[in-house]
């Protein structure tokens with residue numbers, strides 16, 4: 001082969017190679033490297049995972065990992081359904097023409113504190129997942145979520161300030177546990193999946209977030225309906241004091257505590273999942289245990305190959321995160337995944353957490369003073385449930401079905417582009433949308449931004465970081481990317497709260513200063529989406545490639561003799 005290659009490369013009588021020589025050269029190279037080398041030098045246990053047919057264990061892993069994301073979404077977004085109710089219960093002033101509302105600093109804390117905890121959890125558990133193993137800390141995050149969901153609903157105190165302080169304390173630690181679920185679930189699913197359908201499997205885990213958001217709306221609808229029928233009250237403008245019945249205090253507590261249920265149901269199955277073969281072999285360097293674990297999972301005999309693992313490890317691929325080698329190989333990739341996630345979350349969390357304010361500003365939800373407390377909860381949850389049902393959930397599943405066909409790059413690129421278009425479509429003629437008769441069209445456009453967020457960057461920014469980094473840094477890099485996203489979510493949560501206030505002091509909510517208004521806030525979100533479109537070009541396509549092919553580890557592509565002569 002070496003002589004054939006040299007002969008094919010020599011110019012001969014002509015300054016250009018003949019077509020026959022050119023084809024022969026590439027045919028020999030393709031056979032020799034890198035695919036042939038990788039196939040022969042790849043650990044059998046990893047090759048078996050890459051080529052495994054879709055089996056029951058894949059779906060079990062999706063459900064077990066996905067229920068964590070179901071819980072994550074339920075816990076993070078259900079708070080937006082009850083913040084208006086919290087204001088009526090704890091900050092009521094019967095002499096005011098409008099119902100009580102949370103003071104700006106309290107509203108920002110209640111909406112944003114869980115996101116702060118999530119950011120910290122993503123960094124900490126992402127790092128810990130690479131140090132101790134994925135399985136070792138997987139159950140830990142879930143148990144933290146269970147305990148803190150229950151504790152959030154049990155927040156008691158003698159004053160409104162003490163109740164809110166207790167609620168924020170437990171929601172921070174709830175977010176800390178949720179944060180750990182991001183890098184661990186994504187990494188475990190990517191390392192279990194085969195390369196042909198890996199994108200769909202990771203996307204299916206993330207798609208459970210849509211069902212979590214939908215479940216939060218449905219649970220709130222049911223509870224508010226039950227309590228309204230059992231304890232009816234007059235509208236605020238009829239009788240301010242009686243419009244918030246004492247039993248309404250149970251509603252928000254039950255909603256928050258129910259978030260513990262799906263997490264508790266899947267805790268046992270998480271503890272029974274074996275450690276991923278890629279961590280056991282490539283990080284823990286135990287080829288025998290990796291082949292033993294996957295032999296049980298795949299129900300086939302897999303050779304341990306400790307000598308081949310030693311050969312792979314001898315290549316010196318143990319470079320760290322803060323090294324020039326990592327920066328050269330994956331620095332731009334990490335910048336791309338982190339920045340794209342940051343930008344999409346600024347827009348996505350602004351929209352999700354403050355739908356109630358946007359719907360109120362266009363008149364889709366009636367003025368608060370025309371309703372009692374529980375009717376307002378019902379109206380808010382109905383609006384958010386319809387958006388989730390028509391835009392959010394379908395977007396996730398379009399990604400699941402098409403990501404391994406279209407690819408991550410194009411889904412993210414088109415998603416950012418369409419989000420930009422629809423945000424501008426809402427912002428430019430904003431005053432048109434606020435006039436009576438146009439509200440339904442506004443909601444359709446608004447729903448389409450959610451559709452293309454989830455059939456776009458909201459899903460792909462979760463998937464790609466779990467595929468393109470080395471096994472020993474995969475969880476850490478995913479955690480860094482996710483934490484950048486949550487930094488964007490915090491900016492969205494805190495910033496939009498103030499920015500969306502009317503520039504006219506006469507129409508500003510109590511306790512707030514004039515802002516730039518909803519229209520200009522939508523322009524800012526459109527600009528974030530446009531930047532995300534540009535940043536997408538930093539992220540490589542991973543469709544159809546093995547994790548080791550993307551990260552450049554665990555095969556003998558480098559240093560192979562044929563590589564020195566092939567292009």
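Easy rule for this one: first residue shown is 1, then count along the chain.
Each residue, glycine too, has its Cβ placed from N, Cα and C.
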Transmembrane segment according to TrEMBL, located in which of 35-60, 61-86, 165-190: 61-86
Outside the transmembrane segment (410-430), six or more residues from its ends: residues with CB under 8 Å to it: 340, 344, 347, 399, 402-403, 442, 445-446, 448-449, 452-453, 455-461, 464, 518-520, 522-523, 525-526, 529-530, 532-533, 536, 539
Cβ-Cβ under 8 Å with the transmembrane segment (521-540): same-chain residues at least 6 beyond its ends: 332-333, 335-337, 339-340, 343-344, 346-347, 350-351, 408-409, 412-413, 416-417, 419-420, 423-424, 426-427, 430, 457, 464, 468, 488, 496, 499-500, 515, 550
